[in-house]
Amino acid sequence: MASRFLFFSLFTYLLLSISLAEIHFSEIRSDDRQFIPFDEFGFTHFGRLELNVTNIHLSDPNPDLDRSKIGFFLCTHDSWLHVINQLEDGEITCALQSDLIKPVFTFNDLKKDQTSLSKMISQNDADQYTLVFANCLTSSKVSMDVKSAMYNLDKGGKVRDYLSAGKTILPRVYYLLSLIYFGLAGVWIYVLYKKRLTVYRIHFFMLAVVILKTMNLLCEAEDKSYIKRTGYAHGWDVLFYIFSFLKGITLFTLIVLIGTGWSFLKPYLQDKEKKVLMIVIPLQVVANIAQVVIDETGPYGQDWITWKQVFLLVDVVCCCAVLFPIVWSIKNLREAARSDGKAAVNLMKLTLFRQYYIVVICYIYFTRVVVYALETITSYKYLWTSVVAGELVTLAFYVFTGYKFKPEAHNPYFVVDDEEEEAAVEALKLEDEFEL
């Protein structure tokens, strides 16, 4: 009973986290799972599902098998919760027996020696549905090749839209965001040109991060645009993964470099700071590999849950690792403020790094909380809002970082008078009360 409940909980989690929506080819080999979730899709009132299953093979060749207990069905998240209750209460013994699901077909439809089935159904009940394969015969393993296509039609019934109802505007959103970042890169280039006498190497690194983010968004826009029209990415997914990989590594590296004060406080990195980079960069490599596997295989893969856990673990470790250099810089500034006679300068730098520490924490964790909350509570028609919210927070982080660490021709840190110095000394006397 406990294991069944755990599996149902896990499956419920999968229903909340699947984000695939185009044409998919899936290979299932000797799989004995009771349930295999495939694609999730937000249907309008003009939805269609095309399902083609070939090379069907059951490990148990017994002709007396009740094949009506093996098949495909569609269900919403709410429906699945009720199906769980029906199974737990013993009202039904197989999910395919529930009147809360929308059956697609069962293997009982297979004629003698037939190894393939095809079905096209109209889905006129607008909602978010998941295509699920159920095998209630625990003694039989299933092998098959599955091609599934979900799409919505326009009112004329001629134009197909392979993006889920809640994500159909994403191509325009990503195009707009790429233009915003392109403009941001232009502004940063202008700033670097105007303040070229006080530009550090890290400022060019910032420019590289913005450019990679722009390219990442542009490729994602093209990726979603092609999927929307044809159901396939046509190679744009490869470019998206490449720029996503480069953007992720450079962004986390930038946070580490700023956190250590590289170029601003010192022209070199200490050994412990280099070790952080040697940890963060490989973690980002693993995270990006895990993300590709998660996106490309989907939850029907037997190792999908493992890769999902790897991604979450690596993401958390990486996010925690980038905070250490900022803490070290704050600690060094606190110590320097008491010993080098430049209390006002160090207090200003200390304030800046504290602000950045707080902003990094908010960016890393607040973004994830907001996106997850919106994905959970928002109607399927407005799932795009979680993407917009996450991207706006990211944009705010980029703007804050650029503004706070921009090149300054007249650095205010070094233009202080005696009164400011005395006030800073008094303020630093209270610093012992602040602990990270």
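Quick reminder: no glycine exception, Cβ is built from N, Cα and C everywhere.
Record features, source TrEMBL:
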DOMAIN    27-152  domain 'CAND6/7 N-terminal'
DOMAIN    171-411  domain 'GOST seven transmembrane'
SIGNAL    1-21  signal peptide
TRANSMEM  173-193  transmembrane segment
TRANSMEM  200-218  transmembrane segment
TRANSMEM  238-264  transmembrane segment
TRANSMEM  276-294  transmembrane segment
TRANSMEM  306-328  transmembrane segment
TRANSMEM  356-374  transmembrane segment
TRANSMEM  380-400  transmembrane segment
Cβ contacts the transmembrane segment (173-193)/the transmembrane segment (356-374), at least three under 8 Å, sequence gap 6 or more: no
Annotated stretches the transmembrane segment (238-264) and the transmembrane segment (380-400) touching (3 or more Cβ pairs under 8 Å): no
Whole-number mean of pLDDT values that fall within the domain 'CAND6/7 N-terminal' (27-152): 89
Close approaches to the transmembrane segment (200-218) from elsewhere in its chain (Cβ under 8 angstroms; 6 or more beyond its ends): 174-175, 177-178, 181-182, 184-185, 188-189, 192, 240, 243-244, 246-247, 250-251, 253-254, 257-258, 262-264, 398, 401-402, 405-407
The domain 'CAND6/7 N-terminal' (27-152), counted residue by residue under DSSP: helix, strand, coil: 21 helix, 64 strand, 41 coil
